[in-house]
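*Asks:* Could you have a look at this structure, given as structure tokens, before my questions?
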Amino acid sequence: MLLRRSIYQELMDSTLRLGDAGERRILKMHKFCLRVETQKFTAGDIVHQDDLAPKKPGCENDFVLVKVQTWVDGAENVEFVGVGARFGKRIVSKEKNANQTHVVFANPRDSCKPLKNKLSGEVVIVDRGNCRFTAKANNAEAAGASALLIINNQKELYKMVCEPDETDLDIEIPTVMLPQDAGATLEKMLTNSSKVSVQLYSPRRPAVDVAEVFLWLMAIGTILCASYWSAWSAREAAIEHDKLLKDAIDEIPNTNDGGSGVVEINTFSAIFFVVLASGFLVVLYKLMSYWFIELLVVVFCIGGVEGLQTCLVALLSRWFQRAADTYVKVPFLGPISYLTIAVSPFCIVFAVLWAVYRNRSFAWIGQDVLGIALIITVLQIVHVPNLKVGTVLLSCAFLYDIFWVFVSKKLFHESVMIVVARGDKSGEDGIPMLLKIPRMFDPWGGYSIIGFGDILLPGLLIAFSLRYDWLANKTLRTGYFIWAMVAYGLGLLITYVALNLMDGHGQPALLYIVPFTLGTMLTLARKRDDLWMLWTKGEPERACPHHVRLEQCSDEK
């Protein structure tokens, strides 16, 4: 699936990213309250989901996250994140338009009665409870406050709305709720300092971030590299096979078996893979915890080491042919080339360093390197033998993505795929089986991410198309690969459009990629009268030399 991991989309159950004097730190928070029947509220509190919260004149603001930057005695200090109320004045979006205002505590602290404070434009801090949110705001405004900060009595943030019978909604000051921890920090600041000021603003996210462009190019480039490597290997194997035929060797090795290091999936294994993936996703969802994420990190590192080692050996073997072709027998591992032994320590150290520093801001680079190497290696080893298997695999993956992103909400009350991708309830920053790039121009930070499956599964079909084109001696225009790549790129692009239209909420990328990629392949194959060949055999017929026994050639066909 495709997801924009940002504080703005995680308004419902999220990781809030806070700034502290130039240093970014992460405050893990519990889920925002969504359902009235599962929480305990104080008098006058109402909590609804976005689409159920009532709107009426004076109470029709969109819920927005608000940055609350603090200054202590003129020095910039910690920044908090709160949520704006449905009522009151809208909060400015640009920092330059936000005033730096002195902050004080209300008297009485709950602001349920007219304040004794004589205010002249200060921001007033009140405690949650004992009366309606709107009553607190009206009393603060009547006392001369310029804004209201309501401190929650729990660590969660709650969405403040209006009750159906409320009429006194002509509120002209912005109202923001802060978590309990933020209130404790503010109280400590006011106790120990002579002056504390705050600045309230709610920056808007850009519609498109450059991270999405780079992630799109990364996905395209990964499939491109893997496809050419797979096609080159297949063509080398076919050339060697034809050479053996011309030499009339009696025992001709089968290039489609496991002896060549290639695993061809069939229809049953394609269906079983999706069923197994569904089971594994449920296990991840149910057992999501810190230690389970640690286990996934270890598994990812092992796969990443193998993938990076395979890619480096294949790349360096062009310059170090003798080291690549010379083997030494290693206990428990069997014959291993000297080149593999040389690059293995680097790969292991790279993966270990990423695991140790994976929570640092630069760790996404190591995760992407390991992930791309793993995807390329899998696409090199695992092959779709024909269009029939590719159709079954992608069709099942299409249904899988839709079910676990959308339909699972009906069964689990939340999207299982999104929860697992974000790593909710684990205390970690998501599972590692993702490619991600930080959102560079998003004021709320976060990452644009794409799951391995959204590259790997379509990549199996695209790599198959290039292998067929090369074996059939087709040109770029008359072949299938270029059109499959264009279709994949367009499908992924449409996914990004849907992601922005849905305000960044996770989208099942295969919902858009599969119809584009698979539909293009099927349509072109039928139009060119290649559908039967692609559907059944998956490779063109090869001429058999006259001096080779007929039954030997027929076996190969």
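Glycine too: its Cβ is placed from the backbone N, Cα and C atoms.
TrEMBL entries are annotated by machine, without manual review.
TrEMBL lists these features:
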DOMAIN    104-186  domain 'PA'
TRANSMEM  213-232  transmembrane segment
TRANSMEM  265-285  transmembrane segment
TRANSMEM  292-316  transmembrane segment
TRANSMEM  336-357  transmembrane segment
TRANSMEM  364-383  transmembrane segment
TRANSMEM  389-407  transmembrane segment
TRANSMEM  444-468  transmembrane segment
TRANSMEM  480-502  transmembrane segment
TRANSMEM  509-525  transmembrane segment
*Asks:* Just to be sure I understand, if DSSP states are collapsed into helix, strand and coil, how many residues of the domain 'PA' (104-186) fall in each?
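*Replies:* Its residues fall into 17 helix, 16 strand, 50 coil.
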*Asks:* Are there 3 or more C-beta pairs under 8 Å linking the transmembrane segment (213-232) with the transmembrane segment (480-502), counting only pairs at least 6 apart in sequence?
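*Replies:* The transmembrane segment (213-232) and the transmembrane segment (480-502): touching, yes.
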*Asks:* Counting CB pairs under 8 Å, which listed stretch among 336-357, 389-407, 444-468, 509-525 touches the transmembrane segment (292-316) the most?
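*Replies:* Most contacts with the transmembrane segment (292-316): 336-357.
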*Asks:* Are the transmembrane segment (336-357) and the transmembrane segment (389-407) close enough that 3 or more Cβ pairs fall under 8 Å, when only pairs 6 or more apart in sequence count?
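*Replies:* The answer is no, given that the two segments have fewer than 3 Cβ pairs within the 8 Å cut-off.
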*Asks:* Give the one range among 213-232, 336-357, 509-525 whose Cβ atoms make the most pairs under 8 Å with those of the transmembrane segment (444-468).
*Replies:* 213-232
*Asks:* For the transmembrane segment (213-232), give me same-chain residues lying six or more residues beyond its boundaries with a C-beta closer than 8 angstroms to one of its C-beta atoms, as numbers and ranges.
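*Replies:* Contacts of the transmembrane segment (213-232) (Cβ under 8 Å, skipping residues fewer than 6 from its ends): 314, 368, 372, 375-376, 379-380, 383, 435-437, 448-450, 454-455, 458-459, 462-463, 465-467, 469-470, 481, 485, 488-489, 492-493, 496.
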*Asks:* Determine which residues of the chain contact the transmembrane segment (364-383) at the Cβ level, with the cut-off under 8 Å and only residues 6 or more beyond its ends counted.
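*Replies:* Sequence-distant neighbours of the transmembrane segment (364-383): 218, 222-223, 225-227, 229-230, 233, 261-265, 300-301, 303-308, 310-311, 350-351, 353-354, 357-358, 432-438, 447, 452, 455-456, 459-460, 463-464, 467.
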*Asks:* Mean pLDDT over the domain 'PA' (104-186): what is the value?
*Replies:* 88
